[in-house]
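> Submitted below is the structure of interest, expressed as structure tokens.
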Amino acid sequence: MYGKCGRVDESLRVFEELEGKNHKSWNALLHGFTVNGYARRAWRIFVGMPEHDYFSWNVMITVLLQTGNLEGGRDLFERMPEPNAVSYNLVIKAYAQVGCVDQAKALFDRAPSLNDVSWTTLISGNAESGRLSEAKLVFERMPLHDKVSSSVMIQCCGLAGNLDESKMVFMSMEERDVVSWTCLLVAYAENRYLVGAAWSFEKMPMRGTVTWTAMMNAYAQAGNLRETWRMFSSLPELDTAAWNAVIAAYAHCGNKKEEAMRCLELAKTMKLEGFFPNHVTYAAILSACNHVGLVSDVWENFVSMIADHGIVPIKQHYSSIVDALGRSGRMEEAKELIRSMPFEADETAWTAMLNACRIQGDVSAGLDAASRVVNDKDGNPFVAVSTLYRSKVS
């Protein structure tokens, strides 16, 4: 009881006074420390246990994996006398989540027993790593398809642009719930097939806030701000995701200053209504500020995001700062930021730098940025470099 309330020291005191300790009392103590985030103390308890059952093994493996100690979790798994399906699923999922799909597949193949979670985890791992054909093969090998695995496969086919296959999987389902309907809607939306998305929304027998938000995103991706706003205004209940969807729509879909300003107004209203902004909200805010040339506001919002809301900046936020610095001619600061950000700059950041170099006529830095974003299927970097040289000559 004390462990559930977060009072782990009290739970330890009661445990130590307990006579006739058994595996249930040991497991209760271990669980109390793990759910309250005391990983090291949980490990000491685990080591001190007279014997371990499946619960204690799996709880400790979970703790190691959730704290990022994949190697430690795998080592503990290998020390288990006879891992069960839950044990295998924990490690398979951990490997899949970090993109180590081959290691996940190797464990999957050696597991003595598999369940629906095992199959679905491997399907998801392949899909999230871009191995869509492998995900499809695993799905086809699966003895029985449940709602979860079918919903994942609908998304997978959508990612590959195979909307006919998405609908085929959907229609083959014996039972459909709000998740499967929403997955089909999202598959259509991500491929800009607005007719299919609208059909899914109208036909589904039940709708939640997630569904409404997905339809809002579909209209936003199609650049239809009027319908996006209509959906937002019709929502029976608002949440942070819904606010983010409409804010991002105005930040990214419009080319006019008034639409970017509308985005900033909505962000203020969101806070006044008692909803807390997150990293998605601020990505839209920073983008809108850039669009209307409010360079100082970009920095102010970036600082506020960290200081007032405790949000850790992601790559997208840093890219907006690079863009803002470049637009305002502060090229040295932009270069320093792209070198010093706490992770390797991605294509978005380098594209922002390239655009800044084009605006400021910095050929040397522009060539460096272009070399990092050039893609055989995308001629935009070459166009930007050509523009750089033309501006330099003129």
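Here the Cβ of each residue, glycine as well, is placed from N, Cα and C on the backbone.
Quantities reported herein were computed from a predicted structural model and do not represent experimental measurements.
Per TrEMBL, the features are:
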- 53-87: repeat 'PPR' (REPEAT)
- 115-149: repeat 'PPR' (REPEAT)
- 208-242: repeat 'PPR' (REPEAT)
> Below 8 angstroms Cβ to Cβ, which residues of this chain, lying six or more residues outside the repeat 'PPR' (115-149), approach it?
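Same-chain residues near the repeat 'PPR' (115-149) but 6 or more away: 85, 88-89, 92-93, 95-97, 99, 101, 104-105, 108, 155-157, 159-160, 172-173, 175-177, 179-180.
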> Across the repeat 'PPR' (115-149), what does the pLDDT come to on average, as a whole number?
89
> Could you give the residue numbers and ranges of same-chain residues that sit at least 6 residues beyond the repeat 'PPR' (53-87) on either side and whose C-beta is under 8 angstroms from one of its C-beta atoms?
23, 26-27, 30-31, 34, 39, 42-43, 46, 94-95, 98, 111, 113-115, 117-118
